[in-house]
Amino acid sequence: MLPPALNIPKWLEENSHLLQPPVNNYCVYHPSSPATAGYTVMIVGGPNARTDYHINTTPEFFYQYRGSMLLKTADTSVSPPVFQDIPIHEGSIFLLPANTPHCPVRFKDTVGVVMEQPRPKDAVDTMLWFCKKCGEVVWEKRFVCTDLGTQVKEVVEEFAADQEKRTCKACGTIAETRYQEGEIVQPPRFLE
């Protein structure tokens with residue numbers, strides 16, 4: 001028998017305490033469940049506390065349920081990388097192409113849904129941090145992602161706990177583990 005549809009307002013009322021920093025995600029449909037056909041569906045709240053760029057080998061589908069978020073992306077095919085910010089407003093959807101470095105910035109009282117395709121067997125995810133001063137990669141970690149609910153958080157925490165990993169080898173700047181107050185402006189809630 002198939003499970004019932006997930007009512008987002010009711011789920012948030014009963015489970016919003018599960019959306020905790022640094023990632024603030026909760027997998028409502030886990031790929032290990034036979035009912036999901038390998039897909040991962042997460043509810044993600046804000047504010048999150050991360051500055052990493054994640055590279056997934058499959059596309060990611062974003063639906064912004066409440067408020068606006070900012071999806072920071074990086075084109076690493078050029079040096080230095082070219083950065084582009086993509087606002088995703090309430091009620092909007094966005095399909096991020098596979099292998100695009102991205103940093104989802106979520107603000108207070110915002111909620112989104114992210115859906116990811118099943119990853120090919122032994123596909124390697126990458127998380128990396130860029131230097132704000134010179135644009136070089138400060139640190140990166142590659143791993144086979146089997147549980148988005150825990151592994152991304154673990155890598156973010158590993159980076160945050162080690163100043164050597166956070167120090168740019170090119171210029172010596174120490175990378176921040178979260179954006180500073182006022183550093184990133186929340187896009188307007190609704191498009192005018």
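Every residue gets a Cβ built from N, Cα and C, even glycine.
These features come from Swiss-Prot:
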BINDING   Arg50  O2 binding site
BINDING   His54, Glu60, His102  Fe cation binding site
BINDING   Glu60, Arg106, Glu116  substrate binding site
BINDING   Cys131, Cys134, Cys168, Cys171  divalent metal cation binding site
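Listed in sequence order, the residues of the same chain lying 6 or more apart from Cys131 (divalent metal cation binding site) and placing their CB within less than 8 Å of its CB are Val137, Val138, Cys168, Ala170, Cys171, Thr173, Ala175.
You'll find the Cα of Arg106 (substrate binding site) roughly 9 Å from the Cα of the residue listed as 'O2 binding site'. Distance between Cα atoms for Cys134 (divalent metal cation binding site) and His102 (Fe cation binding site): 18 Å, as a whole number.
Taking the Cβ of Glu116 (substrate binding site) as reference, residues of its chain lying under 8 Å away and at least six apart in sequence are, in sequence order, Tyr39, Thr40, Val41, Met42, Asn56, Thr58, Pro59, Glu60, Phe61, Leu148. Shown are the binding-site residues His54, His102, Arg106; the one with the most C-beta atoms within 10 angstroms of its own C-beta is Arg106.
His102 (Fe cation binding site) and Arg50 (O2 binding site) are 11 Å apart (CA-CA, integer value). Taking the binding-site residues Cys134, Cys168, Cys171 in turn and counting surrounding C-beta atoms within 10 angstroms, the largest count is reached at Cys168. In the structure shown, across all protein chains, Arg50 is the one of the binding-site residues Arg50, Glu60 with the greatest number of other Cβ atoms within 10 Å.
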